[in-house]
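Quick look at what TrEMBL annotates:
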- 119-228: domain 'Glycoside hydrolase 123 catalytic' (DOMAIN)
Amino acid sequence: MCHSSDAGKDFLQKQVEILRTKNHWRKAYLYLWDEPLNLEQYDSLRNMASDIRAYAPDARILTTYYCGPNDAPLAPTPFEAFVKVPCFLRPHNQIYCTSEWVLGNREDLVKDITAELQPENGEEWWTYVCMGPADPHPNWHLGMRGTQHRAVMWRVWKEGGTGFLYWGANCYEKATVASAEIKFRHGLPPGDGVLYYPGEAFSTNEPVASLRLERILSGLQDIEYLRLYASRYGRDEATALLDRMGVYFGPERYTHEHMPIDAMRGQIFNSCR
């Protein structure tokens, strides 16, 4: 992003003004920095956000993070510093998107994160997966069971996040020939960042969806069922239903079978029709 010169600031202002005329602006967010680690990176993020919001006060900035600045501790322990990031970034950030890896199996830590937010001022808490967390936690890697893929969305519902971010859908290695063997990026778990495959490798010109993408859709549909149930009986009761039907207890305890999921959907249908 160019903002160090007058010409760069003029360019930025014009681009922002164009974006604000679009119907989707109210749904848009700006993702300026991925996982800042130190004070310099956090300050760069704050400066960029300030430049944008000078021209668009209603712009929403999203930041992914799993730690506070490692060279300027915000609190005595790493987790406490992580929790204090919203205070450090405010008012330059609106969507605080934290790694599920940080939470591990400690769902009780969610309240420490959300206690620092100001939803009355438009702040949101989202989560994301990238590389981690690893098995047995929910994620979208190859080799994980189907309900494990689907459980990513059950976890989002139970923890109460208002959004979920995934870093990529077609991030396989580039090939010189479109029909070449598909290779995942070196250093990443198999399937990480890949939910579609190039169709040429399967003798078609259309992208080919992975089974994991279909399971993601099923998980999103499960959330819609839970939202319907919550609209009648309250969110706490809908969350308790996940547990009561044996679908999801926590990131290390969830069903490996599909029957409890079908039973939960049936229960919601019968209760809400």
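Any Cβ shown, glycine's included, is placed from N, Cα and C.
Just so it is clear, the model here is predicted, and its values are computed rather than measured.
In the domain 'Glycoside hydrolase 123 catalytic' (119-228), helix, strand and coil residues by DSSP number 39 helix, 20 strand, 51 coil.
Over the domain 'Glycoside hydrolase 123 catalytic' (119-228), the average per-residue pLDDT in this prediction is 94.
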